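According to TrEMBL:
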DOMAIN    B:48-212  domain 'Thioredoxin'
DISULFID  B:Cys86-B:Cys90  disulfide bond
BINDING   B:Cys86, B:Cys90, B:His175  Cu cation binding site
Amino acid sequence: MRNLILCSVICAVFVLMIASCQTADNLERDMYYTNGRDIYIKHCQNCHGAKGEGLAALTPPLTDTVFLKANKQKLACIIKNGLKGEIVVHGKSFNDQMPPNGTMADIDIAQVIVYITNANGNNQGMYTPAQVAADLAACR
Amino acid sequence: MVTLRYSIISCIAGLLLLSSCKESPKLPIFGEREAKTVTRADGTKGVDTVYQTIPAFSFLNQDSTPITNATFKDKIYIADFFFTTCPSICPIMHRNMKAIYDDYKDNPDLMFLSHTIDYKYDKPSVLKKYAEKLGVDGKKWEFAYGPKAEVYKLAETGYLSTVIEDKTAAGGYVHQGYLILVDKDRRIRGAYDGTNDEQVAQLKKDIPVLLAEYKK
């Protein structure tokens, strides 16, 4: 009887261990997310806020999941080159300038994009430096 | 008999201790001070401490109307230096100031004064747009525009806050992110780093303390 209990406990532990293992993809995404959060705090948070809430009508929030999904291919260009002109986020118009971050490397941009598109209600998964490089090549 | 006496003494001591605690805390007064001979109200002469005060100023606000010290008469106010295109610390300073502004919306004793240090771009019309976008309306929060020499001198000598034009800095200006608390007698009673959550929390605690000083 005792052996049976012991055996089932050990079995359960093994099953839990295997279940808790992350896939390689998830692990990479989580690493990008964590590094991206540090970059966000340093370069983005002053204006966009700790929870991506934005600042009144001056800075748009990063909680509009539809906007971020529809404009995902433009994010790298916006981060690197800044933004001018009107955009509509959450149904509100924003028309101030976002300063460029010209010195940011592709991998930094990829990490911050992974953070932005997976935090504050977003859930878009991984984004690679190669995708960022392709996006930047197509900047207008 | 002895125990009765002891208990009376300890009672009195206890009362004294309690009453000494009633003295409400006061904020420190910053800046230079000097002893001056003054004439009192009853005509006698005596020596009193004279504290540094915010010098007289005259600027245009976001509505292009002049504002001076008289605008802030009988108010305590929070002052800071910023510019509207500031990419670094200003948004977080004004995020924090806006939260205090919202808390005290209905209290006429507290005002806000933001001096722009970008004398080239931040004309009153630009300040007006900025204020509207920040969600500030009315006369409680003034945004002041003035010539470089006057604003920078006021920052340095009046508010003990450094402002420098620097082409190499992001945005073109270097400035300290202090939120400066000024009392009704134009004296500086506190300076808090507007980008630091702990210091902003301290400012929120100190405002009622300063307001209480003027309650009679």
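Backbone N, Cα and C atoms are what each Cβ position is placed from, and that goes for glycine too.
Predicted automatically and left uncurated, TrEMBL annotations should be read as such.
The record gives B:Cys86, B:Cys90, B:His175 for Cu cation. Within 8 Å of the mean position of their Cβ atoms, the other Cβ atoms in that chain belong to B:Phe81, B:Phe82, B:Phe83, B:Ser88, B:Ile89, B:Met93, B:Ile117, B:Gly171, B:Tyr173, B:Gly177. If you measure from the Cα atom of B:Cys90 (disulfide bond) to that of B:His175 (Cu cation binding site), you get 10 Å. In the predicted structure, the domain 'Thioredoxin' (B:48-212) carries a mean pLDDT of 93. Taking the C-alpha positions, the distance from B:His175 (Cu cation binding site) to B:Cys86 (disulfide bond) comes to 10 Å.
Under DSSP, B:Cys86 (disulfide bond) is assigned to coil, being neither helix nor strand in the three-state scheme. Under 8 Å, Cβ to Cβ, and six or more positions away along its own chain, B:Cys86 (disulfide bond) finds B:Gly171, B:Tyr173. Using a 10 Å radius centred on the Cβ of B:Cys90 (disulfide bond) and all shown protein chains, the other Cβ atoms total 28. Around the Cβ of B:His175 (Cu cation binding site), 26 further Cβ atoms fall within 10 Å across all displayed protein chains.
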